[in-house]
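Pulled from Swiss-Prot, these are the features on record:
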type     : residues : note
TRANSMEM : 3-23     : transmembrane segment
TRANSMEM : 41-61    : transmembrane segment
TRANSMEM : 78-98    : transmembrane segment
TRANSMEM : 107-127  : transmembrane segment
TRANSMEM : 148-167  : transmembrane segment
TRANSMEM : 184-204  : transmembrane segment
TRANSMEM : 213-233  : transmembrane segment
TRANSMEM : 248-268  : transmembrane segment
Amino acid sequence: MELLIKAFIMGIVEGLTEFLPISSTGHLIIVGKFIHFTGNFATMFEIVIQLGAILAVVFYYRKKIFASLKNLKPGSWGFNLWFKIFIAFIPAAVIGLLTHKYIEEHLFSPFTVAIALIAGAIMMIVIEDTFGKRYKIDNMDKVDTKKSLLIGIAQVMSLFPGMSRSASTIMGGMLAGLSVKAAAEFSFFLAIPTMFAATTLSLLKGFSAMSLLEWQALAVGFITSFLTALFVVDKFLPYLTRHSLKPFAYYRLAVGVLMILLVAEKIVK
């Protein structure tokens, strides 16, 4: 029962943070430390429940996704959409495959997460102040291949735990001339292949070794993350049409500084 409660908590954390620019991985690491949810299963669990969150995006955009898949002839709207998503997916996929083992062994710690949270917060503030009002693209369908590649390169930053995939791609979109809303929507679509790939890699490494209780915990986390993420996606895009990203940046700064203090006092290791 204790494991299932922890899975429920982690599912809520994943769903709340996956599509906000505050780092789901960073929060999962931090919360996992506090509730003593760590180890090999926890590491895989944290990646696999992302599938629940990404399915929330698939469900939310189901009409647009199904419409795009009906016509994938070269030159069609559907083909162009997924080609641009594929181009943006490549940089993080390649570098992630080459570095994932090192990242898992050396960078999954509260201190590194804190540094990434703070660095990402500063970048968000600077980029929004510099490029936030200069956008020329207010619809993700108008993004071209070069801009897709720029967003994909920006996504590489998210390989560092605590940086946030959502924050990285939204910042990349703003640098490419997209509005915050268009950048966020592109980020949601880019999350589909990116997170499916990360989940598949994790499954191949350790899925068969799970016990019945661990399977149950995974199901609880999956369902919880799906429902929570669906709520967040529904509210986040409308929020971006009226508000700034800075509240998320300030939150990141506060959490990052707090984590450094907790690590310094050896309350969290």
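For all residues, glycine too, the Cβ spot is worked out from N, Cα and C.
By the Cβ criterion (distance under 8 Å, sequence gap of 6 or more), the transmembrane segment (148-167) is not counted as touching the transmembrane segment (213-233), fewer than 3 such pairs being found. Among the stretches 3-23, 184-204, 213-233, 248-268, the one making the largest number of Cβ pairs under 8 Å with the transmembrane segment (41-61) is 213-233. It is 248-268 that, among the stretches 78-98, 184-204, 213-233, 248-268, forms the most Cβ pairs under 8 Å with the transmembrane segment (107-127). The stretch from 3-23, 78-98, 213-233, 248-268 that makes the most Cβ contacts under 8 Å with the transmembrane segment (184-204) is 78-98.
Just going by CB pairs under 8 A, the stretch in 78-98, 213-233, 248-268 that sits most against the transmembrane segment (3-23) is 213-233.
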